[in-house]
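Undergrad: Structure provided below as structure tokens; questions to follow.
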């Protein structure tokens, strides 16, 4: 009897232990699922962060050494606060008709944060992906080396970077034009703006005078648009040198407009009229008549800072890590070398004797160009938007390193457009999309989107056309047709993520195929418009080549 009771008690205790273990396991699985959902929501929040910044700006003063190096935990905590704020807005009715355009479309705010890949490469799993990509490109270099040896080609021709040095030909002329453009911004625009704010609010400053200043500013921007292009054509700059001039031209035009617009819109006033006053002390001088402007030092810093949106102050780090700068610049050199090998291996042999292909030949070549084109896209992204931008941000102690978001997780092109290049996106959002909505109303969002697409497509086409030396609007047509239409194709499933990647690889391959085709057609086919250079520039030779 006693033994039977002990056995029953033992079984009962065993059952309780099993139940307790099951309960603990369920609790563990529940906690695990909660953590995964939290991390998923935090990473998803990165997608919309560039265009829906809803938090107030962090401190504008230079950061201390402790805050200069944000840890991953700090980044996640800040992001969690941002997501909680957005959720609160959703609960209160974010789409309420009573909300103003300023509330619906908040301005850009800057934070002390690293680039996303910088944070991710701190994790071993993501470092392994980087190592795999480096191994693939190293094997590609080895394949190129072995193939050239077996084909009897000279390795000196392959690794002398002759194509790179040719593309950067007449670099001294490009540097001279670059200096002229910066001189126009520093020695013409800023003194004129300084003089304008010194007389604004005086008795002689009428509405007609303001209109004349606006006309003068429009003439300045028109000159800035035309003169560098004219000099590129005059000096016959080769592709890479021409692209340097044209991209810098677009960058400086956007920066000048951002500087003027931000200072004209905020309407701060100072009794002294000094251009060295800061935004923090504006409240004590709002009753005076003279609007102030930022100091020359602020304008000079903004001219070189890796952002296109002007603020008086930005989050700053406390010192420069020169080893980090050297590492990023080394990655830029490696990226240029890899792109050079891809062009040398996959594009030059195919298109060097290209004239006018059949449709079947073109389609086959376009699909064969998809993989190398996608690799060029990835390397260009990492070289320019990560390595180059982080190198300059470190040298200027610029704290906000969010030059892109997690575009590789995009399940729609609407998301991809916002996260691929947040530097340009922030400018288009702040000074085109948002301003049109504020002027016409929030219901004109589609018109604002069309204007953004059109302006972006025009400037992309200007850079490519005058950089390559011929007008072949493949990018413009694809951007304004397929690119705009795909923006309305929204999805969240894995299918849509794969669809975005396929479109990116195939689209880049087709574009590189088309531009390579036209490039070599202009070298292999005689022109029909030798005495009419404008027609020769505008009419694609690959369409008219009969040789």
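Backbone N, Cα and C define each Cβ position, glycine as well.
Curation plays no part in TrEMBL annotations; they are all automatic predictions.
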Undergrad: According to TrEMBL, which stretch among 132-150, 151-169, 208-226 corresponds to the feature transmembrane segment?
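TA: Range annotated as transmembrane segment by TrEMBL: 132-150.
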Undergrad: Looking at 411-431, 495-515, which one is transmembrane segment according to TrEMBL?
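TA: Spelled out, TrEMBL records transmembrane segment over residues 495-515, not the other listed ranges.
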Undergrad: What residues elsewhere in the chain lie close to the transmembrane segment (444-463), defined as a C-beta under 8 angstroms and at least 6 residues from its ends?
TA: 229, 243, 246-247, 250, 424, 428, 432-434, 436-437, 473, 475-476, 479-480, 483-484, 487
Undergrad: With an 8 Å cut-off on Cβ-Cβ distance and a minimum sequence separation of at least 6, pull the same-chain contacts of residue 460 (active site), or say none.
TA: 475, 476, 479
Undergrad: Which listed stretch (132-150, 175-193, 470-489) has the most C-beta pairs under 8 A with the transmembrane segment (324-344)?
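TA: Going through each listed stretch, the top one turns out to be 132-150.
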Undergrad: In the same chain, who gets a Cβ under 8 Å from the transmembrane segment (470-489) while lying at least 6 residues past its ends?
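TA: For the transmembrane segment (470-489), the far contacts come to 412-414, 417, 449-450, 453-454, 456-458, 460-461, 464, 496, 503, 507, 510-511, 514-515, 518-519, 522, 537-538, 540-542.
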